Amino acid sequence: MIKNSIVNGLGLTVPILAAILCIPPLFAALGEVQAGLLLIIWAIVNSSALLDFGLGRALTFHLAKSRNDEASYHMVGVAFWLAVVIGTGFGALLFLFSGSVAAHLGDAANALAFQAIAWSAPFIIATSVLRGILEAKRQFLLINAIRIPTGTLNFVAPLLVVWLLRPDNELIAWSLTLGRILTFFLFLFFARRSAPYSLWRIKSMSGSAMLVTSGGWMTISNMAGPALNLVERLVIGGQLSLSFVTTYAMPQEIVSRLSIIPNAISIALFPELANNLLDRTELSRIYVNCLGAVLVLIAAPTLAIILFAHEILTLWMGASFAEASSFALQVFAVGGLAGALAQIPFVLIQARGDAKFTGTLHLVEVAVVSLALVVAVASWSLAGALAIWLTRCILDAAALFLRARKFAQLSFGRESASKILLLAVTLACIPLTWTDSLLPRVAALVLVTSLSAVSAIALLRSRTRESI
């Protein structure tokens, strides 16, 4: 599982490096308003990837649990064609309402960009099912061999459009659509080669209800975060302006990239935890180790963002942008730490077949938070949106950790002491963000980095003892 997590991490990291290099010149060419629109387009693309009603994750779940692959073959065709239908429906709706969305954001001419991205929806959603087949087969090296170039294209293609043609979000949207179509055909080719499943024929509808039911609950959970990100940007863009979207969403995008660590681990973890042969003791061991791994890997980078937010944004986007967005970056980093740790109980709950709980929780969150956002942004501008976001992250993490106790137990023995100390010290260092002096902030980061190294060594030693 460690090897798969590392491979997944590389697949998610390389596109982030491309984003770091491409976004400053891209946004400089587009300007604040059009950059805000591009952030909304990216949010739609990311949301589309999760609008498969959880069919990709549900398919991975059932294929991983099945001892005899023949018993699950018939589900593959059902999942694939349902994804195509769902994607076509979503794309049609986006195409039809593109004018209304563009008008809400202040410029009806932007409808053409939304229409262009609408054509990508069937390919994006069907790709999730194809990726689910490869994940069930533990083909993570192959998945990331596709993900690295196509994910990088998500940022390189818009920059090439700006440089070679002109700064135009319609052309950028078409470049993103072509990239998603290319990704679909690559996954289609390798999914058909690596597994003897029939994608074109539905051999039987047996079990499809179970697939759709579990997938439906999973997709509600998986869609909650991206859906709320999109709602935030639409509310801010509609009630304030698209330039405020850039101020708010760019720091959010930076912090969201830290999720590569829990995401890389959870992708590899899901088929392992779905194994019915694991007892509670083994589940608890895997659960605690994965939580420790996430904390060890994310504590120092998160604290660095919190303590040096202004310096990071100044180097990356310039002093004026840093002045407007550094506080938002700090708030997102605090909430991102809670969200990163919560990924592990979230995956545990879904892998053990309790997706209904996570789906219900996140359905309530979407409804409540969406209403709260409208009121908060109208009353307190961006500060209101930040307060709602941070509150949701903390409460969501608390609910997931409490529910995960049904399946696995968190241990607080000697082996967990270093991780508990690491978390406590990281949280205790956050108030240093209010000091202008560089020395205490650097000292705090060095301390947390050192504690992370000690915790990592302890984690590796415990794994060595378990393997003997």
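The backbone N, Cα and C atoms fix where each Cβ goes, glycine too.
Unlike curated entries, TrEMBL annotations are predicted automatically.
These figures come from a predicted structure and were not determined experimentally.
What TrEMBL says about this one:
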- 7-27: transmembrane segment (TRANSMEM)
- 33-55: transmembrane segment (TRANSMEM)
- 76-97: transmembrane segment (TRANSMEM)
- 112-134: transmembrane segment (TRANSMEM)
- 146-165: transmembrane segment (TRANSMEM)
- 171-190: transmembrane segment (TRANSMEM)
- 286-307: transmembrane segment (TRANSMEM)
- 327-349: transmembrane segment (TRANSMEM)
- 361-380: transmembrane segment (TRANSMEM)
- 386-404: transmembrane segment (TRANSMEM)
- 416-434: transmembrane segment (TRANSMEM)
- 440-460: transmembrane segment (TRANSMEM)
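Remote same-chain residues near the transmembrane segment (440-460) are listed as 289, 292-293, 295-297, 299-300, 303-304, 307-308, 415, 418-419, 421-422, 425-426, 429, 432-433 (criterion: CB distance under 8 Å, separation of at least six residues from the stretch ends).
In this chain, the transmembrane segment (286-307) lies out of contact with the transmembrane segment (171-190); the count of Cβ pairs under 8 Å, excluding pairs fewer than 6 apart in sequence, is fewer than 3.
Counting Cβ pairs closer than 8 Å and at least 6 residues apart in sequence, the transmembrane segment (286-307) and the transmembrane segment (112-134) reach fewer than three and form no contact. Remote same-chain residues near the transmembrane segment (416-434) are listed as 288, 291-292, 295-296, 299, 302-303, 306-307, 309, 330, 334, 337, 410, 440-441, 444-445, 447-448, 451-452, 454-455, 458-459 (criterion: CB distance under 8 Å, separation of at least six residues from the stretch ends).
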